[in-house]
Amino acid sequence: GEDNEEEDPKCSRKKKPKLSLKADSKEDGEERDDEMENKQDGRILRGSQRARRKRRGDSAVLKQGLPPKGKKAWCWASYLEEEKAVAVPAKLFKEYQSFPYNKNGFKVGMKLEGVDPEHQSVYCVLTVAEVCGYRIKLHFDGYSDCYDFWVNADALDIHPVGWCEKTGHKLHPPKGYKEEEFNWQTYLKTCRAQAAPKSLFENQNITVIPSGFRVGMKLEAVDKKNPAFICVATVTDMVDNRFLVHFDNWDESYDYWCEASSPHIHPVGWCKEHRRTLITPPGYPNVKHFSWDKYLEETNSLPAPARAFKVKPPHGF
């Protein structure tokens, strides 16, 4: 799809500049700063190029599963024998990683609500653009198809029509629609489209386990886009057994969803205890003398209790 000539809000969100690490990791900090500058420019100026590369990558992955004309179909047993390799035992995978039990019931044209993978605090109106095995390709209504993305049919980030209204989440309407005027029933009639049946969403039957995390609590979290950084962060949303991590004073494009057992999150004071550099919020005064006690008082917030963080058992890979 061609990019829209007018400014696209999905492209125009700018990032807050990262702070470099202290002198003991200056080199790494400078490298990261350069990376952040490139990212700031690249996300806006070269967004369409990145999207085209992504689409080509998606196509390449899909084509790997299709045998070329005149050639034999892919066979794992033969490949393992040729490579003298051993398959990872199925027992090492978690239940959600195992082979799907149910058939993928999503059909092209069905509409739903879901998280924007590039801005994970944002819920959008989506349409199923393609189905391949247990995967579905989702399209943002009203936007260029360069933003389309793939998920599994049982993904936790997709929800049936009306979910946002029911749970009190803000739904980002299709381009050209005003948020206060958007109505699902009217929209479906206008588009002559079908809402994806609620029965297709596996995440509707999740057993919620009580957690010590609450919206507004503070923690220390790894920036997944720059894993060398551990930053001051806040829990800003909770859905079932997951919560949204937001980096204080940062653009929401760095937000991500995780569970209590995520290795990317730590309780307040973890960096000090392990002699790691904690990246304070951009613009915060007296960076060198940052104090969690003072910051919690200033922001009138509580730290996520240490008992809320669950350690994952060692894997067998």
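Cβ from N, Cα, C; glycine included.
Automatic prediction, not curation, is the source of TrEMBL annotations.
Annotation comment: TrEMBL describes 1-59 as region 'Disordered'.
Sequence annotations record features per position, and here TrEMBL assigns compositional bias 'Acidic residues' to 27-36.
Confidence annotation: the repeat 'MBT' (74-174) carries a mean pLDDT of 94 in the model. Taken from TrEMBL, the feature repeat 'MBT' covers 74-174 (among others).
Annotation source TrEMBL lists repeat 'MBT' at 182-281 (among others).
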Counts of helix, strand and coil residues, the repeat 'MBT' (74-174), according to DSSP: 22 helix, 34 strand, 45 coil
